[in-house]
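K.L.:
Look at Swiss-Prot and you will find 25-47, 67-90, 96-117, 140-169, 177-193, 203-221, 276-295, 310-331, 376-406, 423-444, 452-477, 482-504 (among others) tagged as transmembrane segment, backed by similarity to another entry. The site 'Implicated in sodium coupling' annotation in Swiss-Prot covers G43, R300. Sequence annotations record features per position, and here Swiss-Prot assigns topological domain 'Cytoplasmic' to 48-66, 118-139, 194-202, 296-309, 407-422, 478-481, 548-645. Annotation comment: Swiss-Prot describes N248 as N-linked glycosylation site. Marked as disulfide bond by Swiss-Prot: C255-C611, C255-C511, C345-C351, C355-C361, C517-C522. If you look up Swiss-Prot, you'll see Q457 marked as D-glucose binding site. According to Swiss-Prot, the feature phosphothreonine maps to T588.
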Amino acid sequence: MDSSTLSPAVTATDAPIQSYERIRNAADISVIVIYFVVVMAVGLWAMFSTNRGTVGGFFLAGRSMVWWPIGASLFASNIGSGHFVGLAGTGAAAGIAMGGFEWNALVFVVVLGWLFVPIYIKAGVVTMPEYLRKRFGGKRIQIYLSVLSLLLYIFTKISADIFSGAIFINLALGLDIYLAIFILLAITALYTITGGLAAVIYTDTLQTAIMLVGSFILTGFAFREVGGYEAFMDKYMKAIPTLVSDGNITVKEECYTPRADSFHIFRDPITGDMPWPGLIFGLSILALWYWCTDQVIVQRCLSAKNMSHVKAGCTLCGYLKLLPMFLMVMPGMISRILYTDKIACVLPSECKKYCGTPVGCTNIAYPTLVVELMPNGLRGLMLSVMMASLMSSLTSIFNSASTLFTMDIYTKIRKGASEKELMIAGRLFILVLIGISIAWVPIVQSAQSGQLFDYIQSITSYLGPPIAAVFLLAIFCKRVNEPGAFWGLILGFLIGISRMITEFAYGTGSCMEPSNCPKIICGVHYLYFAIILFAISVVTVLVISLLTKPIPDVHLYRLCWSLRNSTEERIDLDAGEEEPVEEDPKDTIEIDAEAPQKEKGCFRKAYDLFCGLDQDKGPKMTKEEEEAMKLKMTDTSEKPLWRTVVNINGIILLAVAVFCHAYFA
């Protein structure tokens with residue numbers, strides 16, 4: 001292997017030690033400080049300028065958002081630091097196939113904006129389980145889904161993001177991982193708890209801009225260093241580590257040579273690491289679950305001013321999703337070229353020396369590039385970008401998780417909870433989540449790092465498909481009823497969780513030491529498993545629904561696609577269940593207009609302002625105003641001109657998606 005592709009930093013055996021000293025200069029530190037000050041300022045501005053005193057205001061930003069913050073926020077909530085670490089790492093290990101995961105989303109943001117969101121808005125819901133309750137009646141599906149979603153957040157999103165953020169801080173600052181995580185979560189929680197959804201969406205928009213600028217600059221540096229695109233394709237295939245045997249260990253050749261199909265998205269259906277049928281069909285099922293039924297994503301769309309803004313926001317997000325292939329996957333591959341011995345290490349002893357885990361160091365591909373290539377000041381900017389993507393993902397998840405908990409679980413435990421109590425419960429729940437997340441970090445830390453991105457995708461493949469099946473059928477097949485949906489979800493969950501537990505018990509193995517899990521269980525690629533699980537769930541739901549009583553149309557107006565334009569009044573299936581709460585006379589306060597209002601103390605005023613609980617000063621809404629508000633919340637009309645504009649853009653986006661897949665296939 002020609003030594004010219006190796007940077008001098010790698011030849012020293014104590015490479016990681018040098019990296020720690022990198023961000024100890026004035027330029028970098030001042031950039032990071034300025035960045036955090038700006039973020040806090042934006043959060044505070046959103047906190048004082050929007051209504052957070054109502055559940056609709058805190059959780060849905062009062063349905064007043066325009067298209068560009070929605071698009072940016074969809075993108076930022078999706079791209080966490082797990083993407084920077086995971087996508088770049090998989091790129092370094094196996095080429096561009098993981099980029100296909102990002103491009104698949106181009107199709108599904110269109111499906112979300114054009115097919116799913118209109119139904120959710122007409123149903124007038126805040127959370128996804130709430131939609132299923134209106135559609136099927138009964139509470140068991142709603143509670144089951146809320147709990148499952150919270151589990152998925154903790155196991156995949158929160159833990160993976162925190163872990164990859166910690167890798168970064170550790171490489172750049174040399175801080176103890178737990179200290180770093182504590183500081184991060186404190187800042188994140190502060191403006192989620194105080195600001196509500198508007199703060200989250202505005203800070204997301206700011207962070208998307210910073211993320212894109214920073215990663216464009218880094219990609220430029222990386223391609224310049226490697227000598228352009230042609231040289232990049234050529235050198236990647238030759239990026240083989242120098243140390244491949246160690247006394248009695250000799251590593252198999254396929255464990256350290258780049259894959260022959262590194263530059264193809266579609267790979268062999270049987271021997272490929274990303275089989276093409278799995279990438280087209282299996283991944284589409286996961287994308288349907290993630291983009292069209294996941295609380296974090298849908299909540300962004302529900303906060304839009306009107307339907308045209310939803311569609312435009314989705315289209316913007318689709319165009320942004322073209323970028324990760326070029327801004328994350330390819331820089332990860334370049335990192336392997338520049339620091340081959342470090343990133344592509346195969347000997348457990350070498351890997352342990354470079355990144356502390358024996359299974360491989362591809363996870364540090366992106367952080368290494370930042371720390372080694374960027375000049376002072378810009379390096380601080382890139383660290384801010386990583387923190388930005390981590391924090392924006394976490395704030396989105398914290399806000400959505402507290403929405404799920406407050407609206408779907410807490411209201412069942414405390415039937416007569418006041419608006420104020422709900423607001424406080426939602427904020428306290430965020431603190432509980434943070435506690436669980438920190439406790440989960442050591443488990444993720446010890447999960448072999450080489451599997452981080454695969455870990456996220458595979459857990460999604462085991463738990464997501466039944467949810468996707470139920471939502472798809474709920475919207476497009478009005479014959480489906482509650483028993484069918486419930487048992488479909490339960491059976492799907494049992495099959496998925498048994499595969500997940502088996503795989504964790506045996507471990508997924510690595511190239512050096514394959515797992516000894518029974519072939520019949522773990523031998524099926526997780527994307528194929530998603531297809532099988534989805535099919536089983538769909539069949540179960542349909543069969544049980546056809547054997548039981550259908551739901552009368554009067555309960556389904558505007559809840560499924562075939563009845564989406566009906567104007568008749570809908571009798572909600574859950575209408576009878578929500579018995580009106582008798583207000584305790586001692587809870588109601590007679591307000592004498594003449595009596596002077598008691599002045600609150602300074603501390604109490606500050607507390608109320610901080611938590612958005614001070615908004616009792618405005619007049620109460622009249623019945624007519626409430627009806628008008630309800631109409632606004634469920635309105636999906638569009639102006640003809642803008643409808644045409646967004647539709648044309650949607651078609652262009654789909655054409656771009658097809659072209660990208662074909663070009664790199």
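Just so it is clear, glycine is given a Cβ too, placed from its N, Cα and C backbone atoms.
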K.L.:
For C522 (disulfide bond) and the residue listed as 'N-linked glycosylation site', determine the Cα separation and express it in whole Å.
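P.N.:
About 30 Å separates the two Cα atoms.
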K.L.:
Disulfide-bonded residues C255, C345, C351, C511: which have a Cα within 10 Å of C361 (disulfide bond)?
P.N.:
C345, C351
K.L.:
Could you say which of the disulfide-bonded residues C255, C345, C511 has its Cβ with the most other Cβ atoms inside 10 Å?
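P.N.:
Counting every other Cβ within 10 Å of each candidate, the maximum falls on C345.
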K.L.:
Hey, which of 25-47, 67-90, 96-117, 452-477, 482-504 has the most Cβ-Cβ pairs under 8 Å against the transmembrane segment (203-221)?
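P.N.:
So the stretch in question is 67-90.
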K.L.:
Going by a 10 angstroms cut-off between Cβ atoms, which of the recorded positions N248, Q457 has the sparsest surroundings?
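P.N.:
Taking N248, Q457 as the recorded positions, the minimal 10 Å Cβ count falls on N248.
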K.L.:
Over the topological domain 'Cytoplasmic' (194-202), what is the model's average pLDDT?
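P.N.:
For the topological domain 'Cytoplasmic' (194-202), the model's average pLDDT rounds to 66.
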K.L.:
Counting Cβ pairs closer than 8 Å, which of 25-47, 276-295, 452-477, 482-504 has the most of them with the transmembrane segment (96-117)?
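P.N.:
Highest pair count goes to 276-295.
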K.L.:
Restricting to the same chain and to residues at least six past its boundaries, which positions have a Cβ under 8 Å from a Cβ of the transmembrane segment (67-90)?
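P.N.:
Hits for the transmembrane segment (67-90): 97-99, 101-102, 105, 109, 157, 160-161, 163-165, 167-168, 200-202, 204-205, 207-209, 211, 215, 296-297, 300-301, 303-304, 308-310, 312-317, 320-321, 324, 328-329, 331-332, 335, 362-367, 369, 386-390, 392-394, 396-397, 450, 452-454, 456.
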K.L.:
Hey, which of 25-47, 423-444, 482-504 has the most Cβ-Cβ pairs under 8 Å against the transmembrane segment (140-169)?
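P.N.:
Highest pair count goes to 423-444.
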K.L.:
Which residues, sitting 6 or more apart from C351 (disulfide bond) on the same chain, put a CB under 8 Å from its CB?
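P.N.:
Within the chain, C351 (disulfide bond) has Cβ neighbours under 8 Å at C345, T357, P358, V359, G360, C361.
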K.L.:
Going by C-alpha positions, which of the recorded positions (N248, C255, C355, Q457) is nearest C511 (disulfide bond)?
P.N.:
C255
K.L.:
Applying the under-8 angstroms CB criterion, which one of 25-47, 276-295, 310-331, 376-406 scores highest with the transmembrane segment (452-477)?
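P.N.:
So the stretch in question is 276-295.
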K.L.:
How would DSSP class C361 (disulfide bond) in three states?
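P.N.:
Assignment for C361 (disulfide bond) reads coil.
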K.L.:
Looking at 25-47, 276-295, 376-406, 482-504, which one has the highest count of Cβ pairs under 8 angstroms to the transmembrane segment (423-444)?
P.N.:
376-406
K.L.:
Quick one: find which recorded stretch in 276-295, 310-331, 376-406, 482-504 has the most Cβ pairs under 8 Å with the transmembrane segment (25-47).
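P.N.:
Counting Cβ pairs under 8 Å, the winner is 376-406.
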K.L.:
So for C522 (disulfide bond), how many other CB atoms are inside 10 Å of its CB?
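P.N.:
I get 19 for this one.
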